[in-house]
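So the structure is just underneath, and the comments pick up after that.
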């Protein structure tokens, strides 16, 4: 049965744009067929501990003498990686926090990006190559091409580098911009533009869920 891994990281539990959008994708995915299943991971409600040992960055065969991570931490990493490899499609809610990603999502990245296991190092193996991953990023301002603000987006580019370039996954990026226009009076003239960005994000996610779940 096709499986979706649905990951949220927003600290906002009741009015989150990224959560709403990943939920839309997951619902549309499920609508494709009763055989479609979803595994949901909430990194805010159930955060991973920060990586306990730098040795976990490497496959066991690449560790130097004396690098012996705690077996419990190693087992946790294995479970997180297995959850990712078992999925046919992945959707990740990655809201922009201080121009970067939530620390909970960074912790997850540190668990799954492992030289010699999920990332080529001494071999050319890329077990996640070609697996579709949809990055859903909400942001208070605009960082679109031509905005003059592109260089300040440290949310999407690192995820594309890790998941797409390093791990070989097939990355799609959907953004919903200007979410602060509803909150900050000085940004009120941008409300309509923000609403349009949200509508476009919803339309794109609906279509992606349909095509990836076909």
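Keep in mind that glycine also has a Cβ here, set from the backbone N, Cα and C atoms.
Feature annotations, reproduced from Swiss-Prot:
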type: BINDING; residues: 10, 16, 17, 18; note: FMN binding site
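Taking the mean position of the Cβ atoms of 10, 16, 17, 18 as the FMN site, the remaining residues of that chain whose Cβ falls within 8 Å of it are 8, 12, 19, 20, 21, 22, 93, 95, 138. Residue 10 (FMN binding site) falls outside any helix or strand according to DSSP and counts as coil.
Cβ-based crowding with a 10 Å cutoff singles out 18 as the top-ranked of the binding-site residues 10, 16, 17, 18.
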